[in-house]
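Below is one structure; the comments refer to it alone.
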Amino acid sequence: MDRIEQERKVIQESLKQSADQTSSQLAMTMAKNTDLQTDKEHLENQLKMLEDTKSSLMNQLQASEEECSNLQTQLNELEDEKRTQETSLTGEITTLQQQFTALKIEKESSDTELDHQLQELKTKLEQEMSDKKSLEQQLKQQISDLESRLSQSQSDKQNIEQKLSGDIDLIHKQLLDASIKEGKVIIQDALDQFQNPTHIAVKCTAEFLLMRTEPVLSSLETIKGMQGKYNGDRTELANLVKTITGFSHHFGDCVIHGIATTHSANLEAGEELGNACREAGESGLKVLDTLGQGASIESDVNHAVQCVKKMITLAEDLVPKSVEIKEKEIGDLVDTEMQSTTSAIEMAARRIAEMLEKTREATSGVELKVNESILDSCTSLMHAIRILIERSRDLQKEIVAQGRGTSTEKEFYKKNHRWTEGLLSAAKAVGWGATALMEAADKVVRGEGKFEELIVCSNEIAASTAQLVVASKVKADRRSKKLTSLSEASKGVTENTGKVVGSAREGSQIIEERGLMDFSKLSLMQTKKNEMQSQVRVLELEKELETERYKLGEIRKKHYQLAGASEGWDEEEDQECDTESPRQPGTPSPPPLEFDPFM
């Protein structure tokens, strides 16, 4: 109601202000009329003087009267509008009063409902408070139980951590012991080859042994450093096991190649190198034993390094020392030697082809079949060797191009003189082997040679080509496509060597079967006589075999002396070789020259 009353007062004040404004305008109009009357009187007084302006003044008066009439009309309109607004306001006030009455009734209903809701909320609050107290008691009990379980869990955790720590230490020890045991087996297996009679046929060059000793020195330093890392950080177990495995393989590889090198050395040098290999292998086992005990391996590693260096010194003494070659000549010498090898192989291939044509003209039957089989296999071998030489030369050019940097090709060969000497030695051996095979095949075809000579020459060629491949691989990039091609060519040479050996053995068997005697018609006395003759022949052959073995040992000794003289060995070494005590017949002799599987 107050609001309606205020609105009514505002409307009345607004109407009053409008009326006041209208009254003010009316007063102004009345005042203006008064002024006009004054002017009229003034004009009437001056009528005579202002007759000329009378018409104008009358017009003005008429306009003023019209304006006054308009103002009166406006005043009437305003009064009508005022009455209309008062009627409208009265209706609005009535409507507002009705709305107020409805709102009041609604408010009373809402108050009643709110009181009812408030009562319900109070009841719920009391129930919630009761539930809260009960829940608090349950939570306290659960917290107490959880604290007890937490304490038990922490105790169990400590026990489990202690157990896991013990288990981890046990597993570490088991892994280390297993890797050390396996490493000792590898090294011991290499040392056992001293007592293996079948290993006598395995040979290795001193140059290749020197290459196999380099990883051993680095693995010794690595295993010493890795033990320190593992003692400081137990998570380095995997790296330590990996290091032990690599160390064992490198050490065993070095020892077994050292043993193979003793088979191709003279007696005193071979025996001294064998003792050094045995000491080195035992020092490697000592390193692993100390590592397994958990003690420091520094002193054992230093001793092993000294043993390996002693092997290196002895192996270097076995390397044929080339004469001094001027820098401007060494590159030409390598190319010349490779070209000479290629020429020797081509000449041998031509000679074998000529022999094949002649034997087809001069022989027939079984003999022709045997000769064709041998010469065909020799031709295939020559072809495979020629391919290997070509791919070896391509790989050598790639090696020189990649490794020389800003230096010239000749400077690269001089800087890597040991590798160059091995390359030259291998190339010479391949050329000599091809010539020897051709001569042996010629003798066999003419019936003057032995099939065993052909087999030995084939194995020598295989060993020489393998040495050439290894010398080429030493400095080659493992991802080189030319290295892959060279490896494939080496496999081809190995396969064709096997074919030559197979054809020689098959031919020998055919000839022997052809020459066997028929004993079906012999009498008892004839059989006894032939048996005695065979026994005498066996004794003679055994004596000849023993003599030939002794002769082979002396020839090998002389071969090393001559090789040393041609390659520039010191005179003192030659004198030592000359003063070696000769081996008497019946003493063990070096094995025959055969294919070296390590090469």
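The count begins at 1 with the first shown residue.
Any Cβ shown, glycine's included, is placed from N, Cα and C.
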In TrEMBL, which of 226-262, 263-299, 522-558 is tagged coiled coil? 522-558
In TrEMBL, of the candidate ranges 72-117, 118-163, the one given as coiled coil runs 118-163
Under TrEMBL, which of the candidate ranges 1-28, 29-56, 393-420, 477-504 is annotated region 'Disordered'? 1-28
Local confidence of the prediction over the domain 'I/LWEQ' (322-563), expressed as mean pLDDT: 74
What are the helix, strand and coil residue counts for the region 'Disordered' (1-28) according to DSSP? 27 helix, 0 strand, 1 coil
